[in-house]
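Some features that TrEMBL has for this protein:
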- B:87-277: domain 'ABC transmembrane type-1' (DOMAIN)
- B:26-47: transmembrane segment (TRANSMEM)
- B:91-110: transmembrane segment (TRANSMEM)
- B:122-146: transmembrane segment (TRANSMEM)
- B:158-178: transmembrane segment (TRANSMEM)
- B:199-221: transmembrane segment (TRANSMEM)
- B:256-277: transmembrane segment (TRANSMEM)
Amino acid sequence: MSAADTTTTQVPPPRRHSSPPGHRTGRPRAARRRRFTLGRAATPWLLLAPCILVLVLVLGYPLVKLGTLSFQDYKKPQLWGFKPATWVGFDNYQAILKDHEFWSVVVRTVLFAGSAVILTMVIGMLVALLLQRVSGWVRTLVNIALVASWAMPVVVAVTVFKWMFDSDYGVVNWTLSQLPGVDYTGHNWFASGPEGLSVIMLQVVWGAIPFVVITLSAGLTQVPKELEEAARLDGADAFGVFRYVTFPIIKPLVVMMTTLSVIWDMGVFAQVWLMRGGHPEPEFQLLTTYSYEKAFGVNDYATGSAIALLTVLLLLGVVAVYMRQMLKIGEVE
Amino acid sequence: MSALTSRPTAAGRLDAVNRKRRNAKLGWNLLGLLVFVLAAFPVYWMMNTAFKPAKDAIDPKPHFFPWPVSLENFHRALNISDFWGPVERSLIVSASTVVIGAFIGLLAALAISRFAFRGRKVVIVGILTVQMVPLVAMIIPVFLLLNQIHQIDKLSGLVLTYLTFVLPFTVWTLRGFIVNIPKELEEAAMVDGCSRTGAFIRVVFPLLAPGLVATSIYGFIQAWNEFLYALLVMSQDHQTATVWLGTFTTQHGTEYAPMMAGSTMMGIPVVILFLLVQRKMAAGLTAGAVKG
């Protein structure tokens, strides 16, 4: 492709939304194109330079380092510079993949993230649809509550959940005990892994729903009312209208939100770390905390890196879907 | 039902339809209120615990209203350990991150939204990909890097790492705001004799300012809320506000009432800031998403 080709195809065409349509008329495109090819080729790169520099230094370099570390022997002596790091090939990976604990952590992480994503998306979708049907004042109330819970710092939210689920003074145990025949007085939610992780998942889902609801609500307002009405007149029931009219229109948004949720929920760290007071028990370990513990708990940075890299590999497929979606959006512009 | 009553008048049928619709609306509203209660409960419970006398807070039978209102827990939270030190450090780190991020990000956003150049697409894909890198996975090499350049336990080191998540997001959102500003305005200014830079400063920048402020506030919140890197990079004596709150329990047993007071002090300003910019941000972030 010649330089001229690139230029003409990549001039972003004007956007069609979010600004009054009046701005968009007139002005032959050729004139605009000429103006932009006139700019010196170096200018955009100069503008980009600081951004790229920072990202390469603090993200690019560590990313490469993560890869090389995982093939080395890197422990405390290497960290302090007493010994050079030695290459060990696939030894770290072999050790990890043979480890039963690693596999149970993988299964736990996938189950945890999978359930959290499904819960977030389903509840988020239902709430977004519900918000279309309620009166204005209810919608305002719910929106305020959602934005407030969205904005809560994770550390604060986790602290509050820990307090609500406290075994002696927690409001959850008290409330459950009010139900006939139920006694949760003094119940310890973190005695078992699955139950404790469910509480953590509840916090994650509570914190993730607002973003989904608010984004999907915005998407739903762009669904033409006439289309839904037409479907209804043709005899479609509420579910049919959603399935065949509403959903296809907001599908790109749903795909984007789902992939983002997968990435975020696979990366849950602070919640587990904080709820377990900095020392998650074996049955609470997720891939993130497991890698962290290997690196900073027992100073085996190489093994920690290999686990982190395997986590990223696990995520690659999901990221690919997200990228495709974002690129499609990028092309529209 | 008998045959006699099964033939309602037209008016009666309309009434029934209206009543049905009203009942449905009532049902939806009740459901909506339930969602409101569930979503708001943790925030309410935090403040409820924070504002009541300490002995009410740990009564096994919960008090649902903070009455009498008391600031006891706040005093206790401030006295247990240094609160303002961590807050000051968090403010310095977040503000520096945002100022640097907004400046560098604005330049980059201009480049990818207002210039056509070879490799533009690669840059866009790069920025989007970078946004997807889970930072938790990067913590080990980032720690080693900071160790190498002697930035462990330094606020500047923390700022550097925070740029990795604030920058890509700032560039992407600002790009969204910039492409929404019609190029014709810039061109008109240039026809009237402005230089390209002059046109940007006099025409684009004022229009971009609200978006820039919103993006900066959002970035500020992100940096303020960050926990993992702050935990790892800073020593106990130089911890930031999130780590201060997170390690509150381990040092002094579980004193939940002062903890909730601390949580309120940390969380509520963020919530208010967020309420101010949320609408603007949502517009910038999801611009074009549905049309794709």
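Going from the start of the chain as shown, residues are counted 1 onward.
Glycine residues also receive a Cβ, built from the backbone N, Cα and C atoms like all the rest.
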Completion exercise
For the transmembrane segment (B:91-110), the distant same-chain contacts (Cβ-Cβ under 8 Å, at least six residues beyond its ends) come to 127, 155, 158-159, 162-163, 166-167, 170-172, 174-175, 178, 200, 212, 215-216, 219-220, 223-224, 230, 240
Fill in the blank from the handout: Long-range CB partners for the transmembrane segment (B:199-221) (under 8 A, at least six residues beyond its ends), listed in sequence order, are 94-95, 97-98, 101-102, 105-106, 110, 166, 169-170, 173-174, 177-178, 181, 185-190, 270, 273-274, 276-277, 280-281, 284
Completion exercise
Beyond a gap of at least 6 residues from its ends, the CB atoms lying under 8 Å from the transmembrane segment (B:256-277) belong to 43, 46-47, 49-50, 52, 54, 57-58, 73-74, 76-77, 80, 83, 213-214, 217-218, 220-221, 224-225, 241-242, 244-245, 248-249
